[in-house]
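Taken from Swiss-Prot as is:
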type: BINDING; residues: VAL10, SER11, GLY12, GLY13, LEU14, ASP15, SER16, THR17, THR18, VAL19, ILE20; note: ATP binding site
type: BINDING; residues: CYS189, CYS199, CYS202, CYS205; note: Zn(2+) binding site
Amino acid sequence: MSRKKAVILVSGGLDSTTVIAIARSQGYDCYTISFDYGQRHRAELKAAEITAKAHGSLEHKVIRLDLGAIGGSALTDTSIDVPEEETSGIPVTYVPARNTVFLSIALGWAEVLGALDIFIGVNAVDYSGYPDCRPDYIAAYETMANLATKRGIEGERLHIRTPLINLTKAQIIQQGLALGVDYRLTVSCYQANDGGEACGKCDSCRLRKQGFEQAGVADPTRYAF
């Protein structure tokens, strides 16, 4: 009997690395995909490749896109500063249409592979307030995916799996550690240096640091200071 196949979106960060481990623990053959989309640094892409290999990815793809061409985000436009204090509302680190674009390409690869499951590490608890990380968005995207694909209209239902959606950052870390995730290999910082060292000031660093504190485990993050 052949194993189930899944496409896993990986960024090299804490959440998506945990998702690979979860998918493997659920018996999936994992095919991982990352995106070089014009983000501020490439350290996360290196981390994505390393963590995908560490968790047994059968194939890892890096898709090149230029979301910086449309701008509108501090992650793709260096003229917009990454906030180093908590802000209200949707922050400037939100990348317009990012998850929609990423999921669509992952969906295409899933069709080619014959995979019916796509995993993404979105979270609606300890997160930055991005609209494309909400349960309503994921449910709507899954509906669209089943209307827009050959296998979907032939009755083989595709699923967008979001195992972290209702977990706190501390719970994510605890689950990952139980599955053998080495968080030293991950890069979460919005403005990490070329060596993957974190700024310790951005929203992503704040949530990550808070998560390790609340989980009661030492923070393995390498900081630039």
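First residue shown is number 1, and so on along the chain.
Just so it is clear, glycine is given a Cβ too, placed from its N, Cα and C backbone atoms.
Highlighted in sequence order, ALA48, THR51, GLY121, THR186 have their Cβ within 8 Å of the centre of the Cβ atoms of VAL10, SER11, GLY12, GLY13, LEU14, ASP15, SER16, THR17, THR18, VAL19, ILE20, the residues recorded for ATP, and are not part of that set.
Each residue in VAL82, SER188, TYR190, GLN191, ALA192, ALA198, GLY200, LYS201, ASP203, SER204, ARG206 lies on the same chain as CYS189, CYS199, CYS202, CYS205 and has a C-beta within 8 Å of the C-beta centroid of that Zn(2+) site, without being one of the site residues. Taking the Cα atom of each, GLY12 (ATP binding site) and CYS189 (Zn(2+) binding site) are about 10 angstrom apart. Secondary structure from DSSP puts CYS189 (Zn(2+) binding site) in coil. VAL10 (ATP binding site) sits 15 Å from CYS189 (Zn(2+) binding site), counting Cα to Cα. Sequence-distant contacts of SER16 (ATP binding site), defined as residues of its own chain at least six apart whose C-beta falls under 8 angstroms from its C-beta, comprise ILE8, LEU9, VAL10, ALA48, THR51, ILE120, GLY121. Put simply, ILE20 (ATP binding site) is 25 Å from CYS202 (Zn(2+) binding site) when counted between their Cα atoms. Cα distances from CYS189 (Zn(2+) binding site) to the binding-site residues LEU14, THR18, ILE20 are smallest for LEU14. The binding-site residues in question are LEU14, CYS199, CYS202, and the one with the fewest Cβ neighbours inside 10 Å is CYS199.
Note: the Cα of CYS199 (Zn(2+) binding site) and the Cα of ILE20 (ATP binding site) are spaced 25 Å from each other.
Separation of the C-alpha atoms of LEU14 (ATP binding site) and CYS205 (Zn(2+) binding site): 11 Å, rounded to the nearest whole number. Candidate binding-site residues: VAL10, ILE20, CYS205. Fewest other C-beta atoms within 10 angstroms, CYS205. Note on GLY12 (ATP binding site): other Cβ atoms within 10 Å of its Cβ, all shown chains, come to 24. In this structure, ILE20 (ATP binding site) is part of a helix by DSSP.
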